[in-house]
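Feature list (source: TrEMBL):
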type: DNA_BIND; residues: 130-227; note: DNA-binding region
type: DOMAIN; residues: 6-121; note: domain 'Response regulatory'
type: DOMAIN; residues: 130-227; note: domain 'OmpR/PhoB-type'
type: MOD_RES; residues: 55; note: 4-aspartylphosphate
């Protein structure tokens, strides 16, 4: 079974933030929520999301400026859905030109917003929608829980599978050990960061059994990346 997509909600109005979080969790998503732009950036670095729902009108630093900062630090481009009461065409164009992938005006229909979340996730993260992931000669099927390398099936344990899937969903991205701990074990379980090194070693051994070079790179002072 595929891992839950992770959504970051950035909304300063508590009632709106709680309703949006509730609706997203009801759809099966894992949700982090921030009330300010600075809090959103910290959460983004700590636990990278698969999609961001970003309110334009935030205190101190606007959603437009946060969108710019996110795009500067995230060349891969996590999908951003901007929500705002500003409904003029010039506002929508500004939001999209700043880096948002979609723009929804308030008040919005919860069902429409959920549909836009699904649509943006499908485009940006095909693995989250159940499609196979491919990086170089490795193919991972999230639904069937199977991995092949150069046509040869590789049998992985649950943690190895989750680690490989995390790395394959964003090839080339450097993940810190703490980030991988959150993605693989979850944020509510205490595990020493050395466990990540052990798990990476097991995954490397499993992948090398099918031949080929080691696809996992050790990023000195940071962690690991695939490809």
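Backbone N, Cα and C define each Cβ position, glycine as well.
Automated prediction, rather than curation, is the source of TrEMBL annotations.
Take the CB of the residue listed as '4-aspartylphosphate' and look out to 10 A: across all protein chains shown you find 25 other CB atoms. Look at the DNA-binding region (130-227): DSSP puts its residues at 35 helix, 24 strand, 39 coil.
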